[in-house]
Amino acid sequence: MSLPGLDLTQPSADNQFAPAPPTQVSLSKGSEWRFEVAFGTVIRVKLLAGTAELFGTELAPSQTYTFSGTKGAIYTWHGCTLEVGAGDTGPSVDGLAPGGLSGATPRGLGAGGCQSEYTAEETPMVEYANVHFALETMRQEAKATGKDGPRVLILGPENAGKTSVAKILTAYATKVERQPIVVNLDPTEGMLSVPGTLTATAFRTMMDVEEGWGSSPMSGPSAVPVKLPLVYFYPMQNPLEAEGSVYRPIVSRLALSVMGRMAEDEEARETGIIVDTPGALSQGKPGSLEMINHIVTEFSITTILVIGSERLYSLMMKNYDNKPTSSASAVASDERITVVKLSKSGGCVDRDAAFMKGVRESQIRTYFFGNPIPSTASAALSLSASSTTNVTLSPHAQQLDFNTLSIYNYTIASLEEDEDEYDPSQLGAGDSFLPGGGNDAEASQAQQDEPARATPLPGIVSSIESATPPVASNVPLKKVLPPAPSTLANSLIAITNAPTTASAAEVRDASIMGFLYVAEVDSEKGKIRALAPVGGRVPPRAIVWGKKWPGEVVGLVG
């Protein structure tokens, strides 16, 4: 386009941001290539020569992998050559901006458009590999003696690389045909689920290089076998909210399910579990040490890995090192806890609030719409000749009558909320939050006396039926009564496996069937427009509102 009065041509946006040609990155033995890619920017990485891995999962040679909104590191044990190039801008999905809900981000100046990228010679990968070999020795001993395998707890502050270590240990275990159960106790970001969930998954097959942990069951082809997570909903960011009165029983319920799986699955029992924790537990806040002790006890932890905190390591050594575990067989087998300090990788970077917001929005978008970014690696690995290079899902929108839904909301007051969010009348020990009200005190007492049954992982029936977790007298769950609140719009609601007549404690402790996204609320007509991952009627189950966390998600649908 010519500018008035000047014989000049304004460069078009396509020419101004034309991608640079691919760049080759050569890595020497024992080094890694660290990179950061913004949301809305796509880079393509291909392994040309040698061997390399991303968080323990090997890259296939001559296959192109795509990354967007990622901070990662590709490591090589023997040296390799990578080709890094720019990909197309992430496509929009039903009005979603290419860069996620926050909008597109300008392409970086690094190779392929990375915001930052460099080669590092000093890495802690040898330490992490040694941990894997030590765990493998314990697994071999467990198989020979009939004991349980190692139960590993990973602790450390925010942005210390805890999840990366969990991925590495999981990937190395699956390489030697082990089946670890991985537990995510961090509600700030989901594992095979949306943010605000605590999950447990048995990993039998390889992990996905591009998707991180992989993907849960979906309608469509998948190059990597899907994983089957057991999901619990904790719609709060901090596990210490209300002094941990909500987080603690959910952790107990999840631990009961995991132990039930190990009791029924010989491979899982021999391999053990890997528990990833939120950084909030390592900040020394009141109640954090008590919560760590609760996790150590419930999961019968045998190995505690501490990353990036000398103070926390000292406390863990004092409280747990060489102490007996809480396992039932600890006395007979003299099973004791080992505390190990690991170095924090220099590649760990701070993830600001804007980036974490993009991560949450991306996980929620992927849950409903799939991953629209093309991947030639996924197409090459797929067994279907007609499969596409991306997984695009088509969620189902429907109108729901608010009066027919049993929606609950946590009424925990925090400093960030308005005073009108807090209703002391809902926190009593009475039956005011039972669906429909009522005065069945005898039924409530009978429920407390009834043994709790652990919800097993998919495909496994738990044999543990007599364990009874502590029953809280005050469960801060309140049923949301008509008219439908306008703040329900643009938020997630979780459909539990609890019936609509369940008590507040049963709703809190129930596993999750799936999630709905509330796109619109019509308070006058008593209708809500919701987005579901599958079509059909919404099952008659108790529903929990994720008002506090992951909070409002604007612009998911037009």
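Placed from the backbone N, Cα and C atoms, the Cβ positions cover glycine too.
Checking the candidates LYS71, LYS227, LYS285 against Swiss-Prot: the one annotated together with GLU32, ASN159, ALA160, GLY161, LYS162, THR163, SER164 at the ATP site is LYS71. Between the farthest pair of Cα atoms in the ATP binding residues (GLU32, LYS71, ASN159, ALA160, GLY161, LYS162, THR163, SER164), the distance is 19 Å. With a cut-off of 8 Å between CB atoms and residues at least 6 apart in sequence, the same chain places GLY279, SER282, ILE307, GLY308, SER309, LYS344, CYS348 near ALA160 (ATP binding site), listed in sequence order. In the structure shown, across all protein chains, SER164 is the one of the binding-site residues ASN159, THR163, SER164 with the greatest number of other Cβ atoms within 10 Å. Compared over the binding-site residues LYS71, LYS162, the count of CB atoms lying within 10 A of a residue's CB peaks at LYS162. DSSP assigns LYS71 (ATP binding site) to a strand segment in the three-state reduction.
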